[in-house]
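A.B. asks: In case it's useful when we look at the structure, here is the feature table from TrEMBL:
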REGION    1-34  region 'Disordered'
COMPBIAS  9-34  compositional bias 'Basic and acidic residues'
DOMAIN    70-396  domain 'Kinesin motor'
BINDING   160, 161, 162, 163, 164, 165, 166, 167  ATP binding site
């Protein structure tokens with residue numbers, strides 16, 4: 001009798017186990033119907049969707065107040081692009097609020113169970129994939145424009161992985177090599193400079209606007225408004241850095257500026273990498289300069305940094321691409337050190353470490369210097385490792 005009770009108990013346990021297994025399979029089948037089960041990442045997509053359902057998302061809105069920062073660090077997520085959609089990659093980035101961004105890193109246990117490791121990053125502002133260039137400009141470069149009318153230096157950097165949207169953000173809409181420069185931060189900044197120039201307090205100050213546009217490629221400087229003439233960077237006795245031969249073009253309106261942007265962008269060095277078919281391989285620096293009777297009053301440097309590749313993206317590349325990558329990474333490290341020194345008010349700024357920081361020396365010194373960095377990130381699962389690297393670089 002005791003044995004029969006034990007046998008019954010075992011049968012009961014077995015049937016419960018089978019019921020549970022059947023229930024799990026049914027739930028899995030239901031979830032597979034909700035998601036494209038032919039997609040290799042559908043389980044991660046489901047987990048991310050379920051996680052997002054628990055959040056009360058309140059992203060940045062155009063009506064949010066603009067805060068003043070000496071150094072402002074922001075992050076922008078772009079939408080999934082055609083290649084990511086074709087590969088059926090899932091979106092691993094969530095922007096739940098105006099200053100927080102979450103990365104859902106896909107992981108797998110030893111027993112092949114899939115799970116997510118979610119990491120949170122905090123910035124001055126976080127922009128989701130629905131944010132326009134105009135909205136990004138409103139919270140990043142726009143608060144810095146008045147600085148140059150008050151004798152200061154303003155700098156705005158776009159940083160991030162190749163293909164994350166830096167050149168789109170700074171230079172405007174691109175269709176192949178064709179460009180609509182009126183929709184980028186370069187153009188929005190110049191429009192506001194001319195608006196301020198026509199305000200009563202600045203109208204009669206004899207201010208003139210000039211622009212320069214140059215690129216730094218493999219540690220060498222080239223003038224994008226003068227047939228890519230090679231330029232020399234020298235430091236004079238007063239420790240002022242001069243870019244010898246750089247042409248300053250006088251401009252009278254925002255339309256003139258847009259023409260200069262399109263002319264310079266067409267000359268910029270790009271090359272095919274494993275991460276992007278037309279990767280910007282140089283740092284491009286567009287400067288808006290205010291002068292009064294030849295004397296420098298203020299300068300706004302808008303920098304579209306080169307896309308730096310992951311080791312995995314460049315290891316099978318040719319020698320030139322590897323050298324480009326090494327030079328790019330060296331200059332980005334030097335840039336971070338200079339921004340850190342500026343933020344901590346250090347007496348020494350290591351600007352001589354790279355050509356990029358040497359050319360931008362006057363952006364890192366003086367009490368009236370303001371800087372903004374926009375970290376650009378790709379949302380696809382395949383870019384997760386590099387997205388984390390970008391966020392750690394931007395994280396002060």
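Keep in mind that glycine also has a Cβ here, set from the backbone N, Cα and C atoms.
Buried or exposed, and what's around them? Tell me for each listed feature.
C.D. replies: Taken residue by residue with DSSP, residue 166 (ATP binding site) is part of a helix. Note on residue 166 (ATP binding site): other Cβ atoms within 10 Å of its Cβ, all shown chains, come to 26.
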A.B. asks: What are the non-local neighbours of residue 160 (ATP binding site), defined as same-chain residues 6+ apart in sequence with CB under 8 A from its CB?
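C.D. replies: Within the chain, residue 160 (ATP binding site) has Cβ neighbours under 8 Å at 166, 305, 307, 375, 376, 377, 378, 390.
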A.B. asks: If we count other C-beta atoms within 10 Å, could you say which of the binding-site residues 163, 165 has the fewest?
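C.D. replies: Checked 163, 165; of these binding-site residues, fewest Cβ neighbours within 10 Å: 165.
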A.B. asks: Which number gives the other C-beta atoms within 10 angstroms of the C-beta of residue 161 (ATP binding site), all protein chains shown included?
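C.D. replies: Result for residue 161 (ATP binding site): 25 other Cβ atoms within 10 Å.
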A.B. asks: Tell me whether residue 161 (ATP binding site) sits in a helix, a strand or coil according to DSSP.
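C.D. replies: Coil, per DSSP.
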